[in-house]
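A.B. asks: Let me give you the structure first, and then I'll get to my questions.
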Amino acid sequence: MSEKKINLLDLDRKGLRALFTEMGEKPFRADQLMKWIYHFGETDFDAMNNINKVLRAKLSARCEVVAPEISSYQKSADGTIKFAINVGQGQEVETVYIPEEDRATLCVSSQVGCALECTFCSTAQQGFNRNLTVSEIIGQVWRVANFIGFQKETGERPITNVVMMGMGEPLLNLANVIPAMDIMLDDFGFSLSKRRVTVSTSGVVPALDKLGDALDVALAVSIHAPNDELRDVLVPVNKKYPLEEFLAGIRRYIAKSNANRGRVTVEYVMLDHINDSTDQAHELAKLMKDTPCKINLIPFNPYPGSPYGRSSNSRIDRFSKVLMEYGLTVIVRKTRGDDIDAACGQLAGDIRDRTKRLAKKRMQDSQISVTIN
């Protein structure tokens, strides 16, 4: 049996330099190789003409550059593109490209499904299978960057920002998310500014501390409720890491970070008559008073079977005004890609659920239906 080849997309620059040293080559070859892969989208070692033939032969024998394939894509009326990415064994994750006037953001997945069970999120209802590898995470960026590059006649902009806000909880896959983000930031990788790479978390506090020690990127935190009682229902990880503990972890991260410019983004999905009252706005403002932040109010994007509805514009407006009375910076997120189920909370993919969460839900729904009938 032939030895399995090393997928170079699994290695950041430190890993590539170690590989070249082990091969008896100069470490700077890693810089050359990364430039070919990430700046030019090249996968054929023979095309890398500033690398000598002997080394190219060594690389061909031992290594490969393999990104997960794009299975299909849909384009929204607003220009948003949702990609289905094949990660093997009949499973897909979803990646979303969001073009704007001054930037183009790619929303990247970190897990096949999600290990958390946020009750307002479509991904969470699909259950969980596994963590994505480094090559499967950075491969989403690589594939879409090449797709956009080959589709220049359509006018899509190159990727300027990456947000780890797709399927999964990034901080439950730090071992692979950190090297992938290293490649995004590396001058020989995608060369993105640390302020243009954002990781989002629902509150896995010990992992947030580890991230702060390893990397400096922008942070977005999923709060979604102004108190523990409601957050225990909406974001069940809160039962393990309640708000006070989460906010303390956020402040520790801010203290270490330059990328956040002294504050984080608070994500708050607006659920009709669940978390959107003026009293809850006052409660949220008081909760966040000691944590430097800007608050991103996200109109809920319904999905089939969702138990929640979207807050009305008037309720969102009232909620926003209360927060601003406390001197908080508030942004109401513009919904993008909802006509192709690419908006926040709508990503589902194709998952073999190891948790059996979706099957249990279907069983419960069928039992309810039988009872009603």
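Using the three backbone atoms N, Cα and C, a Cβ is placed for every residue, glycine included.
Okay, so Swiss-Prot annotates it like this:
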type: ACT_SITE; residues: GLU94; note: active site, proton acceptor
type: DOMAIN; residues: 100-339; note: domain 'Radical SAM core'
type: DISULFID; residues: CYS107-CYS344; note: disulfide bond
type: BINDING; residues: CYS114, CYS118, CYS121; note: [4Fe-4S] cluster binding site
type: BINDING; residues: GLY168, GLU169, SER200, SER222, ILE223, HIS224, ASN301; note: S-adenosyl-L-methionine binding site
type: ACT_SITE; residues: CYS344; note: active site, S-methylcysteine intermediate
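Tell me about the setting of these features in this model.
C.D. replies: A strand conformation is recorded for GLU94 (active site, proton acceptor) in the three-state DSSP classification.
Taken together, the residues in the domain 'Radical SAM core' (100-339) have a mean pLDDT of 93 on the 0 to 100 scale.
Note: CYS107 (disulfide bond) has non-local neighbours THR95, VAL96, TYR97, ILE98, VAL163, MET165, GLY166, i.e. same-chain residues 6+ apart with C-beta under 8 A of its own C-beta.
Secondary structure from DSSP puts CYS114 ([4Fe-4S] cluster binding site) in coil. Take the CB of CYS114 ([4Fe-4S] cluster binding site) and look out to 10 A: across all protein chains shown you find 28 other CB atoms.
The secondary structure of GLU169 (S-adenosyl-L-methionine binding site), as reduced to three states from DSSP, is coil rather than helix or strand.
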A.B. asks: Looking only at C-alpha atoms, tell me how far CYS121 ([4Fe-4S] cluster binding site) is from ASN301 (S-adenosyl-L-methionine binding site), rounded to the nearest Å.
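C.D. replies: Between the Cα atoms of CYS121 ([4Fe-4S] cluster binding site) and ASN301 (S-adenosyl-L-methionine binding site), the distance comes to 9 Å.
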A.B. asks: Count the Cβ atoms, other than its own, that fall within 10 Å of the Cβ of GLY168 (S-adenosyl-L-methionine binding site), considering every protein chain shown.
C.D. replies: 29
A.B. asks: Of the recorded positions listed here (GLU94, CYS114, CYS118), which is spatially closest to ILE223 (S-adenosyl-L-methionine binding site) when Cα positions are compared?
C.D. replies: CYS118
A.B. asks: Consider each pair of residues in GLY168, GLU169, SER200, SER222, ILE223, HIS224, ASN301, all listed by the record as binding S-adenosyl-L-methionine, and report the largest Cα separation in Å as a whole number.
C.D. replies: 19
